[in-house]
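Worksheet: the structure to be examined is printed underneath.
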Amino acid sequence: LSLRRSLMPRTLEGQITMEKTPSYFVTKEAPRRIYNMSRDTKLIVVVRNPVTRAISDYTQTLSKNPTIPSFQALAFKNVSTGLIDTSWSAVRIGIYAKHLDNWLQYFPLSKFLFVSGERLVSDPAGEMGRVQDFLGLKRVVTDKHFYFNETKGFPCLKKPEGGGKPRC
């Protein structure tokens, strides 16, 4: 992570540097490395229903590799007893409490904001308001910055004034 920080733009007084990587939360070494880089780091974790998350993970993998076993075959160690296979990555990633325990060895809970992936879709401006408050920023991202993309089935950011494509 020290290499990552050196690749980030310099942060001046009053500016915020952000890094977004889904794998950090589930990577065992990440909390210690981030703590050693900056103990003042604020952490934003986007979570969603773990079952929905696992199914989404599976369908993405299936679209790239149609020959993988069924979801049921991968998710269960024993279907008749309902014993889940927590070693399968699609399930393991969604065991948020396990990953959080690792982070709480380095950062207090007050350094975390948990954002609902479901509410990011149903109320993106509301969730972004919580993020802005957590970061101590003025609320500049509001409802007027989003539109619902019927094709994708979720909200997208509108085109910036200077042009460019909408971001979904």
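Positions of Cβ are set from backbone N, Cα and C atoms, glycine also.
Annotation source TrEMBL lists 3'-phosphoadenylyl sulfate binding site at R48, S56. Sequence annotations record features per position, and here TrEMBL assigns disulfide bond to C156-C168. Annotation source TrEMBL lists domain 'Sulfotransferase' at 37-160.
Here the Cα atom of S56 (3'-phosphoadenylyl sulfate binding site) is found 19 Å from that of C156 (disulfide bond). Under DSSP, the residues of the domain 'Sulfotransferase' (37-160) split into helix, strand and coil as follows: 57 helix, 23 strand, 44 coil. Cα to Cα, C168 (disulfide bond) and R48 (3'-phosphoadenylyl sulfate binding site) are separated by 18 Å. Rounded to a whole number, the C-alpha distance linking R48 (3'-phosphoadenylyl sulfate binding site) with C156 (disulfide bond) is 18 angstrom. Among the listed disulfide-bonded residues, namely C156, C168, the Cβ with the most fellow Cβ atoms inside 10 Å is that of C156.
With respect to Cβ neighbours within 10 Å, the binding-site residues R48, S56 differ, and S56 shows the lowest count.
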